[in-house]
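Here is the structure we will look at, set down as structure tokens.
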Amino acid sequence: MEFFDFADKKTLFLTVHLFGIALGAGGAFISDAMFFKTARDNRISRTEMGFLLLGSRFVFAGLILLLVSGALLFSLDPERYLASSKFLAKMTVVAVIAVNGVFFHTTHIPRLRRHVGTHLPSSDEFGRYRMLLLGSGAVSLVSWALAIVLGTFKSIPFSYEVIVGGYVAVVALALLISFILRDYLLPTHHR
């Protein structure tokens, strides 16, 4: 008797998928919260940067688990998944999460590392790119939340266009809120 004989492939792949969501979304939410907590004193210490990097590794690991387990789930019934507006919308959201993650690692992480120990509001560079950082955080928060919501429903009675249109509207609202609250969230000396 094999150890996993009691579970079918779909259950195993789905379990890995849920771990991916937990790691990815949990890492994203905790990293965002840690960043804003550390930025409140207008500095990021080496220790705080280490925790932010750890959180981003959890997000990356979660995304890899999601992609691999998602591909395995898809392989079990491709026709059904391709006919599902929920699945197609979720793939769009996961693609946005992946692109935003690459952008975060290639743009934000190096800039944050350069600012470890410096007074953030006094930095011209930080002042110039803080909206990109806030925007990336807003996209991440909305995208991970929607990935969770889409994953919990067995089916959704909306077309792909309606789901993605709603997603774009919520992302736009999150970006607007980030812009309005930018001086509260990440103050600079350029007020």
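Residue 1 is the first one shown; counting continues down the chain.
Backbone N, Cα and C atoms are what each Cβ position is placed from, and that goes for glycine too.
Annotated in TrEMBL:
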| type | residues | note |
| --- | --- | --- |
| TRANSMEM | 12-30 | transmembrane segment |
| TRANSMEM | 51-75 | transmembrane segment |
| TRANSMEM | 87-110 | transmembrane segment |
| TRANSMEM | 131-150 | transmembrane segment |
| TRANSMEM | 162-181 | transmembrane segment |
With Cβ distances under 8 Å as the criterion, find the stretch in 12-30, 87-110, 131-150, 162-181 that has the most pairs with the transmembrane segment (51-75). 12-30
I'm a bit unsure how to read this: which one of 87-110, 131-150, 162-181 has the highest number of Cβ pairs shorter than 8 Å with the transmembrane segment (12-30)? 131-150
